[in-house]
Amino acid sequence: MASSRTSSTATKTKAPDDLVAPVVKKPHIYYGSLEEKERERLAKGESGILGKEGLKAGIEAGNINITSGEVFEIEEHISERQAEVLAEFERRKRARQINVSTDDSEVKACLRALGEPITLFGEGPAERRERLRNILSVVGTDALKKTKKDDEKSKKSKEEYQQTWYHEGPNSLKVARLWIANYSLPRAMKRLEEARLHKEIPETTRTSQMQELHKSLRSLNNFCSQIGDDRPISYCHFSPNSKMLATACWSGLCKLWSVPDCNPLHTLRGHNTNVGAIVFHPKSTVSLDQKDVNLASCAADGSVKLWSLDSDEPVADIEGHTVRVARVMWHPSGRFLGTTCYDRSWRLWDLEAQEEILHQEGHSMGVYDIAFHQDGSLAGTGGLDAFGRVWDLRTGRCIMFLEGHLKEIYGINFSPNGYHIATGSGDNTCKVWDLRQRRCVYTIPAHQNLVTGVKFEPIHGNFLLTGAYDNTAKIWTHPGWSPLKTLAGHEGKVMGLDISSDGQLIATCSYDRTFKLWMAE
């Protein structure tokens, strides 16, 4: 009994020694791929947790996802911020490769073509170039080429639109053109012959003659002033024999005055509104009978009337205009009458055939003034579109385009030398154009307000007369275009002016209801 207890006690005393901590098994650290180890393990038949049963359990638990060949695209899930940064880097890369002109005017032209502002506040040429480069890096250099192509197309379309077009005219127009050609050619030959003879005069003689003329012009004085009506006087015109003056008034009346004593001779009643102009027939008071048509006038209601010298009533009315007729002018032959209208056209009337033979368009706004070349071959028109045109009456073509005025053209006149044209405009200037060079040869800063009329001295064109809304008329040398004399005396705007056919008298009419005659002492 005792021995057994001892053994049991011994057993009990040894129990604490058996409670020693177990040895921790060190995990294996593998370097590289586990693929070979996994194949060895599977070859030995070890399934473990990675066996088929474990794999099936993992799939059912949702811990292992098995896809059916789907691919996860990482690039599609890059954040928007990263995409913006990448796009900016690409844009900067493209910008560095774009070549931009160093010419600042070309840079501005490119910006304008792209629809961008050509300059920003405080921006210099270098910053402008950089801005253009950045814009091109966004829209692409092809955009600039495309805009250039579009501009070229629009230019071509404009050129096509501006091409001269023709339509068939009446047979009477053909007859008139031939008649004008036969009329003008001998007159042109005569003018050229006179110019040759004038050139043969010694230079000293010509200079002394010009000095004498300038001296007499500087001594011009107002020797007659007459109240013409109760309303402003819009136009005045000397008769071919320089012994009568016709005035047109806003009251609707036209009056004839004796020259130089300024006594009233006739009052022509027929218009009911503002009369724009009244002009004598080129042969009136010279070879034309008083019973024939001696004058023509026009008014703001579109009416055009013909007058004789022995009656106060109109001889005939020219019908066809529906809007304001600004000016009327006789062709040098006296057979044709030109009228300018606010319907953007001017018309030529054949008084022998008693019909309208030409209805000419060409201005983009109303046509205000018209003048005929001394030979009768050309007509010049000035429009409210600030452009003038010179027309060949023998062919119908516009042979010269007068572009340069900034505002409306209110007056146009041909010089007797045959190749100078003067235009007066609302931009306060008078421009002189040369038919031979087809350009403006001189711009006279003539007045301080809009120029209402221009007129060359009718014999040799030795001086130019201009009138304006600054209440004055001025005389300018030709050639040279320097000021000779200022005719001051009107209390209102100078609305019309004329020079007598003998070159001795100058008439001006004004908004102050008076007309004045000026003559050298």
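Cβ atoms are placed via backbone N, Cα and C, with glycine included.
Taken from TrEMBL as is:
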- 102-154: domain 'Pre-mRNA processing factor 4 (PRP4)-like' (DOMAIN)
- 268-317: repeat 'WD' (REPEAT)
- 318-359: repeat 'WD' (REPEAT)
- 360-401: repeat 'WD' (REPEAT)
- 402-443: repeat 'WD' (REPEAT)
- 444-476: repeat 'WD' (REPEAT)
- 487-521: repeat 'WD' (REPEAT)
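When DSSP labels each residue, the domain 'Pre-mRNA processing factor 4 (PRP4)-like' (102-154) comes out as 39 helix, 0 strand, 14 coil, counted as helix, strand and coil in that order. Outside the repeat 'WD' (318-359) by six or more residues, the chain places 169-170, 172-173, 176, 179-180, 183, 187, 276-283, 288, 293, 296-306, 365-376, 379, 381, 383-384, 393, 396 with a CB less than 8 A from a CB of the stretch. Tertiary proximity for the repeat 'WD' (487-521) is limited to same-chain residues at least six positions away from its ends with a CB under 8 Å from its CB atoms, namely 216-217, 219-238, 240-242, 245, 247-248, 257, 259-260, 262, 449, 452-453, 455-459, 462, 465-475.
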